[in-house]
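Novice: To start, I am sharing the structure in question, which I have written as structure tokens.
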Amino acid sequence: MARGVSYVSAAQLVPMLRDPRIAVVDVRDEERIYDAHIAGSHHYASDSFGERLPELAQATKGKETLVFHCALSKVRGPSCAQMYLDYLSEADEDSDVKNIMVLERGFNGWELSGRPVCRCKDAPCKGVCS
């Protein structure tokens, strides 16, 4: 199980996204509806994140690395990543999660660096965005 939260850059994340054992968790609140998102990401808004921890655990079953982000990854992304790590530490169930990471500079940094974004309205995003 993951022992701590680490950070990953957008450049490092791009090749990681090809691995089916990676999940991206977007914890932005309403701005995700209006902005784009990383294709295939799971959306668990920070304002209700604590209540949805078991749901996230189920949705990411079999994943080894979870990468959390908000707009800037300064507050919501890191705090939700830590909350999920604490949840896994206290949960009675087995977890495949070995790494919990936060995307440096968040979604805004991802988009500003020219990384691909998805503008679909699917929930959850199926990851086949153009």
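Each position is counted from 1, following the chain as shown.
Keep in mind that glycine also has a Cβ here, set from the backbone N, Cα and C atoms.
Given the structure is predicted, the values throughout are model-derived calculations rather than measurements.
Sharing the record's features from Swiss-Prot:
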type     : residues : note
DOMAIN   : 18-119   : domain 'Rhodanese'
ACT_SITE : Cys70    : active site, cysteine persulfide intermediate
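In the displayed structure, how are the listed features positioned relative to their neighbours?
Specialist: Residue counts for the domain 'Rhodanese' (18-119) by DSSP state, with H, G and I taken as helix and E and B as strand, are 40 helix, 19 strand, 43 coil.
Residues near Cys70 (active site, cysteine persulfide intermediate) in space but far in sequence (CB under 8 A, at least 6 apart, same chain), listed by position: Asp26, Val27, Arg28, Ser46, Arg76, Gly77, Cys80, Gly106, Phe107.
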